[in-house]
Amino acid sequence: MTSPTIYYVSQYVVCSAYVIVTLMYMCFRDEKKKEKMLSVGYFQLFRFATGTDTLMMVVGGLCALIHGAASPLMLLVYSRMTNTFVSYEIEVQALKDENKICNNNTIYWKNDSIYETAENGSVYCGVDIEAEMTMFAYYYIGIGLGVMFFSYFQIVFWILAASRQTDRMRKTYFRKIMQMEIGWFDCNSVGELNTRMSDDINKINNAIADQVSSFIERISTFVFGFMVGFIGGWKLTLVVIAVSPLIGAAAGLMAMAVARLTGRELMAYAKAGAVADEVLSSIRTVAAFGGEEKEVERYDRNLAEAQIWGVKKGTIIGVFQGYLWGIVFFCFALAFWYGSKLVIDTKELSPGTLIQVFFGILMAAMNLGQASPCLEAFATGRAAAKNIFDTIDREPEIDCFSKEGHILDRVKGDIEFHNVSFYYPSRPEVKILNDLSMQIKAGETTAFVGPSGSGKSTTIQLIQRFYDPKEGMVTLDGHDIRTLNIHWLRSLIGIVEQEPVLFATTIAENIKFGRPGVAMEDIIQATKEANAYNFIMDLPQKFDTLVGEGGGQLSGGQKQRIAIARALIRNPRLLLLDMATSALDNESEAVVQKALEKVSHSLTTISIAHRLSTIRNADVIIGFERGQAVEKGTQSELMERKGVYFTLVTLQNQGTTNTTKDVISKALEESFDLKAMSRTSSKRVSVRLRSQSRLSNLSDNLVIFSDKQCSTDNTCEDDADEHVEPASVPRILKYNQPEWPYMLLGSLGAAFNGAVNPVYAILFSQILGTFSISDLNEQRKEINVICILFCIVAVTSFFFQFLQGYAFAKSGELLTRRLRKLGFQAMLRQEIGWFDDHRNSPGALTNRLATDASMVQGATGSQIGMIVNSLTSIGASFIIALYFSWKLTLVILCFLPLIGLCGVFQAKMLTGFANEDKKAMEGAGRVSSEALANIRTIAGLAKEHSFVESYEQKLVLPFKSERKRANIYGLCFSFSQCVIFMAYAASFRYGGHLVMSEGLQYLVVFRVITAVVTSGTALGKASSFTPDYAKAKIAAARLFQLFDRVPKISTSHTDGEKWDDFRGEIEFINCNFTYPTRPDVQVLNGLVVSVKPGQTLAFVGNSGCGKSTSVQLLERFYDPDEGKVMIDGRPSYTVNVPFLRSQIGIVSQEPVLFGCSIAENIQYGDNACSVSMEAIVTAAKKAYLHDFVMTLPDKYETQVGAQGSQLSRGQKQRIAIARAIVRNPKVLLLDEATSALDTESEQTVQSALDEARKGRTCITIAHRLSTIQNADIIAVMSNGAVIEQDSHDNLMAKRGAYYKLVTTGAPIS
């Protein structure tokens, strides 16, 4: 009874009950401050409860109340039992004198005179100790069974009620998010919303589930404990209570300090995580510019900050634990000293009531303490609920679920903008549309042209009602679109964007998103019109082919065609084309353009294009500049007017040489043909998603695994990953080796702290023993000595607790930092092919860094302290118990496995369920992630409802598993609560027998029981670390696997050849190549091509023919399977990789920028030294970026946002060019470098690139042939091989594949 008390005091120290002070302060703070911090009242968390839920919570609360009263009730039994033992011992001591006898329950001298004590009192006798102990055993069993019954229902009802409420909450929250207008998403990050949906709602669940029943139970024990104390003796009660403020005040301070330090530590870790995520997402850019070491340092800087906060937190917890233990032992000394006075001198208390009062108060204080983690959970739940409930209660400005608004009987399709002004909610200082007025007539094709950022795409978003204008209005057939039903309005619109979004399902399902319930014939027809049918039929699974997440298994051109089919199947009245053909090669573009023209005859069509060739046939062309429509007319009218459109056309035509013009005019004398002009088509979207670690160039005849194959493959791989052999502890400790002095000191502290419990068992039983001493002076003397010993234990405890806390915090935090840094270093050391594996996605790797490194602490650091502590405690307790009574020890030992097993089983069940829940919630998480990431596409297709339904369906499984968990957890909990009562019943009953039959002293019974139960709780404590310990070994094994992996391409500075006169001569000799993740798709097939120093080599060819792959082989992102790449006459695999990459500058089609300033992004070009501001400005001027930067408020210090999100594509591209120029490379790689620019910027940048190419070897890739006509060598590629190569003029004269490509855009065969 007594030992768990002391044990629990220690166990709950850290969470420290006493947080209650702070939290109560927080709860009752004045309203204004409360609003700032937690504006959700606790009872508001139950806003989703129904009548049934409320009934379950009330009944569960009553059960918890009764359960809480059980322990104080047991104290009454314990008190009577102590008195019985003391009476029996006094009787035995008295009857040792042969001259005394027991007669009529009183001791007499043999001469029949009554025996009297020093205080002239008679001595009671005739105690039937066995009968008394049997009765007490029945009391214990009765209380135990009651506890079992009530604790089961307490848990089950609260968990069930909470899971029903959180299920409703999740559904409501997701539905409300899907209802929000697009402007709201601009201001809320998708990652944050996903986190809220999982973590924050889990926090609310914690605040309204079994934590509440635990809180009620503990408060009940607190109240009844005090009552038992006051009933027993009010004086002693007041003395013990007087000490409480000392504990409370310190606890309040510690809680505040720990909360603040934890917050800062988590913030530092979050920053480090953001760095890791950004770097791993952009691994190709980091590798290309040799930024690995710089990034590791940036990551480590944030880890260093987190480590400082972590050590401070550990130190404060150590000081507080020491302080608390000290106070507890001083309290023991004071209580027993004063209590003994009340027993011996004033006779106000019996020994039993002294125990009853003292432990009643201690139990009350302790339970108040244990209630504090619950208060912490409540506060966390309230904080988490603030954002969730704010979102649920927010009324969207544009409600896509609204049934309101007119539906027109007949739609003609006239659109008009009346003095529209607009800025994006996330950037109110930048005006995008400025008093825009224009008219778009029904049935006509209207084209918008103008430079990047002039507001063309914004107008399309206003027509879709993603946003409402800030001033003015947009009308459809004369009706303000704000008055029309939004769902109906969007159903009229078909949109094809420049970056099409596909969903992670089959091709057919993706097209069906355009119009649900559509027949297969219609789908086939739509794909034929979009020129997608042929490539789909070439795939093994045809229309049932899975497109992968975000359409990642398809090339850009394929995705674009499926998006067009999806728009066509809607039979729209309005067709919006935002760079709709930008990702297609010449041939596809011409066919799709014709298809679009064919279907758009009867529709109102709005087309945006940078490639003016695609819009020459438009009925009306509107020129945009600075958010205004500055001119309008047909192509010929605008050419005569010589305004914006004329400038753009002139600039664009400058790139076409006279020879080409002559050839084209000969080839197409009859009429102007669209196909010919499409040679200048843009390929604005990545065909191969090069900027991410995804599979690169997949050709049109790509083989995609069936669903079945993928899933079995993945499970095999995942299983291989999961079944990793646990790491050996010595190796884990080796990484902690530099901290061995800290660990040694910490272990010494822990060993002493572990010995405290057995020492307490001896002192406590010794005090009980003193009450049976007949000499009062001897009694007082012994009690004083024991109290002094308690004080000595208190002082040493303070010192050793602090030592343990500080030493292990220091060693643990240093280990975590070291492992995270080494893990990140090891990741950046791997070859690019490793990142293509789905298991090594940026999210998975960032997660692995965060969790595995901190999990390893489960086998070192404070865990070692806990284990040493527990082992010392168990060892010392068993030695004491076996020494004093081996028989009684063995009886109690029978119950130890049950107590231990309950703890272990409970932990196992809960971790098992946690994993199950996590897996079950992953399905829902995938739906929500996909929905939120692609919200614009979903809104454009008006498909919000179907995603809400899909999400709700995925929540069914977690809800079922939660119900199962409630029952099993309830059973385990109730059994573990009941076992201790059964153990007391058996051990005290048998102890009574030993006292009676073997003359065992009663203080030995108390000593043995206290010692063994102490060791049992220590064993439980140690066993509760086994899951952490096992997890730590597996986490360490995963990290070691990463540390030990030898990359296939070494990026070490010492491996490979370096030389001074790097010339830049490059040769590909019979290169064959397949990507590691798709070994069945041959990408390069005997590639032979070479380029001399200072020459420019241009690759042309259809999507997926291997152009970008050859560039990646040169960068040594991959090595060829056969053949070799020669650099200055040396095979690439013998060349030092950092040295090689330092000679190469790359500008890719989708440039990756980092979330820092413009200057820092340009500096990234040369990571070998620090780049001066002067060099940055020079590079920016060469890239025609400087003038734009100087217009920004913060100039070069302007933050570009995550992945450059605050800039237009053209601006990002120019920063990327400046970054490559700053590097001063010998070899320049231009992969569609100007594809994202408007005509004007393209001309300036093209001349910048021409300037940058001088004296350098240059390899350029382009779909737009006008940009590469002055290349020294043009290599035409098809199916991974070069089919012809020469200069532009020679190739045109040959009239081969290149000629065909230039004049007609026909496929290269």
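Cβ atoms here come from the backbone N, Cα and C positions, even for glycine.
Unlike curated entries, TrEMBL annotations are predicted automatically.
Fair warning: this is a prediction, and the values are worked out from it, not measured in the lab.
As annotated by TrEMBL, transmembrane segment applies to 6-28 (among others).
The transmembrane segment annotation in TrEMBL covers 55-78 (among others). Within its own chain, the transmembrane segment (55-78) is flanked in space by residues 1, 46, 49, 136, 139-140, 143, 146-147, 150-151, 153-158, 160-161, 212-214, 216-225, 227-228, 352, 355-356, 359-360, 363-364, 367, 977, 981, 984, which lie at least six positions past its ends and keep a Cβ under 8 Å from the stretch.
As annotated by TrEMBL, domain 'ABC transmembrane type-1' applies to 58-380 (among others).
Beyond its flanks by at least six residues, the transmembrane segment (137-161) meets 49, 53-54, 56-57, 59-61, 63-64, 66-67, 70, 73-74, 77, 208-210, 212-213, 217, 962-963, 965-967, 969-971, 973-975, 977-982, 984-986, 988-989 of its own chain at Cβ-Cβ distances under 8 Å. What TrEMBL lists as transmembrane segment is 137-161 (among others).
Residues or ranges marked as transmembrane segment in TrEMBL: 215-232 (among others).
Positions annotated as transmembrane segment by TrEMBL: 238-259 (among others).
The annotation transmembrane segment is assigned in TrEMBL to 316-337 (among others). Counting only same-chain residues 6+ beyond the ends of the transmembrane segment (316-337), those with a CB under 8 A from a CB of the stretch are 6, 9-10, 13-14, 16, 236, 239-240, 243, 246-247, 250-251, 254, 257-258, 261, 354, 358, 362, 753, 756, 760, 763, 767, 783-784, 786-788, 790-791, 793-795, 797-806, 809.
The domain 'ABC transporter' annotation in TrEMBL covers 415-651 (among others).
Per TrEMBL, the feature transmembrane segment maps to 740-763 (among others).
Per TrEMBL, domain 'ABC transmembrane type-1' is recorded for 744-1031 (among others).
The transmembrane segment annotation in TrEMBL covers 783-809 (among others).
The transmembrane segment annotation in TrEMBL covers 890-911 (among others).
What TrEMBL lists as transmembrane segment is 968-987 (among others).
Look at TrEMBL and you will find 999-1019 (among others) tagged as transmembrane segment. Within the chain carrying the transmembrane segment (999-1019), a Cβ under 8 angstroms from the stretch's Cβ atoms is held by residues 2-4, 6-8, 85-86, 88-89, 92, 754, 757-758, 760-762, 764-766, 768-769, 772, 869-870, 873-874, 877-878, 880-881, 884-885, 888-889, 892-893, 895-896, 899-900, 980, 983-984, 987-988, 991-992, all 6 or more beyond its ends.
Look at TrEMBL and you will find 1066-1304 (among others) tagged as domain 'ABC transporter'.
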Cβ contacts the transmembrane segment (740-763)/the transmembrane segment (783-809), at least three under 8 Å, sequence gap 6 or more: yes
Mean of the pLDDT scores, which run from 0 to 100, over the domain 'ABC transporter' (1066-1304): 81
